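Colleague: Heads up, here are the entries from Swiss-Prot:
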type	residues	note
BINDING	Glu73, Asp93, Ile95	Mg(2+) 1 binding site
BINDING	Glu73, Ile95, Asp96, Gly97, Thr98, Gly198, Thr199, Ala200, Glu217, Asp224	substrate binding site
BINDING	Asp93, Asp96, Asp224	Mg(2+) 2 binding site
Amino acid sequence: MEDRWQECMDFLAVSIARKAGSVVCAALKEDVSIMVKTSLAPADLVTATDQKVEEMIISSIKEKYPSHSFIGEESVAAGAGSTLTDNPTWIIDPIDGTTNFVHRFPFVAVSIGFAVHKQVEFGVVYSCVEDKMYTGRKGKGSFCNGQKLQVSGQKDITKSMIITELGSNRNPEFIKTVSLSNMERLLCIPIHGIRAVGTAAVNMCLVATGGADAYYEMGLHCWDMAAASVIVTEAGGTILDATGGLFDLMSCRIISASSREIAERIAKELQIIPLERDDGKSTNS
């Protein structure tokens, strides 16, 4: 039986991600014009390249699939909605790791997820400076540059290495009582270590490769998580909400791990913060 979405991933999403990545890499050699999305988050940056790449991705897909829906980071920032419907929907982060991009820190990715009936069917994450193309298709496995991926399978959190990020919130009280205290609780279990790469999509792909045993973060958006979520699960990993419940793409928080045991153990340690959902429904508690 023909798998139309597999073909869509292989011959459209991958080629568009690679083309977008070449634009990003070229822009890294030029002066970057930096903007701040909101005065409430002075570390939440955006550049003209983010906007250019997203427009290119959406226009390329619309040529072939004019009836499809789109949720893009820069489109939402400009006032577009981010409600996920049953319609085939492309969920796009043109540059995941914009702060890395601004500083030329070499971990930036183009992230393209595709959902039908609110379920992610496939994801493509192109870590363009590294030239690593991560793909995951529901029920078909996940790969990096054609090599099949498998999580570490680690179940003992005391033998784990975990990735997280401090995010863009620079409120001193928040940093002290939430961000750093969550890290402290995990380090004191103890665990082997905590790392930060600066891009949610690549962080999750590192879990899929087995290079890290887990990644957690709160304050994300659906475009940060969509593509990589299926890459992790197809590599044998577990995706949960930060509370330990079922993962919800619109919840703005995630734990992705090599095993359910580690994911649930992390959830027990985390102080949960209230977050506005991407779909505008009631605030997460």
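Counting starts with 1 at the first residue shown.
Every residue gets a Cβ built from N, Cα and C, even glycine.
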Colleague: For each of the binding-site residues (Thr98, Thr199), count the other CB atoms lying within 10 A of its CB, then report the residue with the highest count.
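Modeller: By the 10 Å Cβ neighbour count, Thr199 comes out on top.
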Colleague: Closest of the binding-site residues to Glu217 (substrate binding site), Cα to Cα, picking from Glu73, Asp93, Ile95, Asp224?
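Modeller: Out of the listed candidates, the nearest Cα belongs to Asp224.
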Colleague: Max CA to CA distance in Å over the substrate-binding set Glu73, Ile95, Asp96, Gly97, Thr98, Gly198, Thr199, Ala200, Glu217, Asp224?
Modeller: 18
Colleague: For Asp93 (Mg(2+) 1 binding site), just give me the three-state DSSP call.
Modeller: strand
Colleague: Quick one: pull the CA-CA distance for Asp96 (substrate binding site) versus Asp224 (Mg(2+) 2 binding site), whole Å only.
Modeller: 7
Colleague: Of all the binding-site residues here, Asp93, Asp96, Glu217, Asp224, which one's CB has the most other CB atoms within 10 A?
Modeller: Asp93
Colleague: Have a look around Glu73 (Mg(2+) 1 binding site) and count the other CB atoms within 10 A of its CB, chains all included.
Modeller: 25
Colleague: Give me the count of other Cβ atoms within 10 A of the Cβ belonging to Ile95 (Mg(2+) 1 binding site).
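Modeller: Its Cβ has 31 other Cβ atoms within 10 Å.
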Colleague: Once Asp93, Asp96, Asp224 are set aside, which residues in the chain still have Cβ within 8 Å of the Cβ centroid of the Mg(2+) 2 site?
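Modeller: What remains near the Cβ centre is Glu73, Ile95, Gly97, Ala109, Ser111, Thr199, Ala200, Ala201, Leu220, His221, Trp223, Met225, Ala227.
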